[in-house]
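In what follows, a single structure is set out as structure tokens and then discussed.
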Amino acid sequence: MTAAAPVITIDGPSGAGKGTLCKAMAEALQWHLLDSGAIYRVLALAALHHHVDVASEEALVPLAAHLDVRFISTHGNLEVILEGEDVSGEIRTQEVANAASQVAAFPRVREALLRRQRAFREAPGLIADGRDMGTVVFPDAPVKIFLDASSEERAQRRMLQLQEKGFSVNFDRLLSEIKERDDRDRNRAVAPLVPAEDALVLDSTSLTIEQVIEKALQYARQKLALA
């Protein structure tokens, strides 16, 4: 029996820098990449493309089970490919966001997508970006990292991102939203946002992104050399 391809899981709250870290690690190691946060949006978009009713669990399950999606990181940019087409921009529309929240509510859809996410595990290896990658999706991953940062730092980063896009934002409101989301995520009954017992907890509050990438790659290479 062939050994399963290695997986590096990167979990953590919104705004900690998971996406940037995962893209950098996938490029550095030349591994596959899974952006689990985007997968419900991709399924929602596939349903809209194929005129599948997003309110029908029965109709969505087979679509979820055979979802043709890939994630490609090039020069720090993430391309989301659905059925051979780059849909990176399309999955960010409000219509798709609304549909994604509907499809995510169905238990059988979540189960089908769990199996679909596990199918990303292919040689030479996988970088899995999410919130429950190390605890639920890939509990046997040889390398698990939980990337964290203070809520204030994450609000600051989000504010700068939005300002760069021309949006006017209120820091206190952003901070309040982040704290509320953290509370929901950490205390939910199913797959709460907690570090796996065997995860390295990496606090990025006072680190540059280059320092985070360096520490994560160093840790991963050490662990994989021992595995």
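From the backbone N, Cα and C atoms, a Cβ is placed for every residue, glycine too.
As given in Swiss-Prot:
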| type | residues | note |
| --- | --- | --- |
| BINDING | Gly12, Pro13, Ser14, Gly15, Ala16, Gly17, Lys18, Gly19, Thr20 | ATP binding site |
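The structure, with features from Swiss-Prot marked on it.
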| residue | record | Cβ neighbours (10 Å) |
| --- | --- | --- |
| Gly12 | ATP binding site | 26 |
| Ser14 | ATP binding site | 16 |
| Ala16 | ATP binding site | 24 |
| Lys18 | ATP binding site | 25 |
| Thr20 | ATP binding site | 17 |
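For the recorded site, Gly12 (ATP binding site), the DSSP three-state label reads coil. In the three-state DSSP assignment, the secondary structure recorded for Thr20 (ATP binding site) is helix. Taking the mean position of the Cβ atoms of Gly12, Pro13, Ser14, Gly15, Ala16, Gly17, Lys18, Gly19, Thr20 as the ATP site, the remaining residues of that chain whose Cβ falls within 8 Å of it are Leu21, Leu147, Ala149, Arg154, Ser204.
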